[in-house]
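> In case it helps, TrEMBL gives these features for our protein:
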- A:5-84: domain 'GST N-terminal' (DOMAIN)
- A:89-216: domain 'GST C-terminal' (DOMAIN)
Amino acid sequence: MAGKDDVKVLGVVVSPFAIRVRIALNMKGVSYEYMEEDLTNKSELLLSSNPIHKKVPVLIHGGKPICESLVIVQYVDEVFPGAAVLPSDPYDRAVARFWAAYVDDKMFPPMVAFLLAVTEEERAAKAEETLAAMAQLEKAFGECSGGKPFFGGDSIGYVDLALGSNLQWLETSYQMFGVALLDAVKTPLLTAWAKRFVEADAAKGVVPDTALAVEFCKKLRAR
Amino acid sequence: MAGGGENKLKLLGMWTSPFALRVKLALSFKGLSYEYVEEDLRNKSELLLSSNPVHKKVPVLIHNGKPICESQIIVQYIDETFPGADASLLPSDPYERAVARFWAAYIDDKLLKSWLQASMGKTEEEKAEALKETFAAVANLEAAFKECSKGKPFFGGDTVGYLDVTLGGLVSWMHAGEALYGMRLFDATRSPLLDAWVDRFGSLDAAKAVLPDAGRLAEYAKKRQAEQAAAAAAN
């Protein structure tokens, strides 16, 4: 029987959307039950908790489901005390929301298209698109961090979660296709930031080994 | 709070944009004064290009010289910066806030996307498929209205809330779409609650003050379609 305060996360280990939720919970020191979903055989719980999209992640808090990763992260930030994920100033919050949306709308889709591309041409085109997005994010990092280690300043914030949860996929692009979408020459600030992100306490054990992402990608490509 | 040096608001928009309209609605419901700049999207102003260099799109809200972009982000910014005497746009309960944000994303990612595709799709097949998806999205939104309103007049309950403003940006286009295609997005049979909501929302003074005329929108759409057809024929 679900306790009033029980927290469950339905996710997939390599999903950036699930990863960001789990890191947010770690930042707040919230313990949760994690359930790994097989997306080819979705659980009853997933289908009933997210009937509209049938996607991960889903956070179930005291029996009530919350869906859509950025909605969940904001919920976690507002409900649980501890390290703030979003800044307190409304303007800074708007900037953070802008860049998190940018990651999901402009970086993630071409990156996925790159990983799943069938032809060399498509792969080249999608690499270019992804790199253009990364170049924007490099600039954004300069503006948001103000010289500090993270987009969020001294510690991980909203944009760090949005982008950092994709690192295993950026690494996969290099391991599988020899293309560095996170390029040390083109985006030096982000390259240094990425190392700090995966070393952060809240991210440890959540950002998966690239090997898992590579395996997942191979399976998807085979379908 | 009166506008003065301290709280200068400027909105860059375009009269047919449902996204710019959302921001106008939010400002209207909050009783905020602002300077409005009508953009010609075929000849974007320096101000727009420098305020939104990433997307170069409207709406942009400029508050005391600082730009905020993306309509849903702007509306939340307005809500957080100008709490005002009345209820805030977003619910105060975090779970209800999450539900509101979920449906706001749904309106743009699913409803609006398929609705646009249903009229702009390249083939009849694409359009028909998109129409089916649109009606499925409408059904989901009808259920969402029931859940969020809890029997009251608006998504926000007794007063207009975040989802009312988000969906409100589409109201004049709904009427224009009906005039153009004979298709009502929310009709009395399929989605009676939303059908009633459209009229109720549209009759509020704060909405009437900013909603563009549906007839003008329909004429604008016809003109654009003719231009596009001519361009396609020329190629």
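Backbone N, Cα and C atoms are what each Cβ position is placed from, and that goes for glycine too.
Curation does not apply to TrEMBL; its annotations are automatic.
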> In the domain 'GST N-terminal' (A:5-84), how many residues does DSSP call helix, how many strand, and how many coil?
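Breakdown, helix to coil: 29 helix, 17 strand, 34 coil.
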> With DSSP as the yardstick, break the domain 'GST C-terminal' (A:89-216) down into helix, strand and coil residue counts.
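Each residue of the domain 'GST C-terminal' (A:89-216) counted once, the result is 93 helix, 2 strand, 33 coil.
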> What is the pLDDT of the domain 'GST C-terminal' (A:89-216) when averaged and given as a whole number?
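Here the predicted model's pLDDT, averaged over the domain 'GST C-terminal' (A:89-216), is 97.
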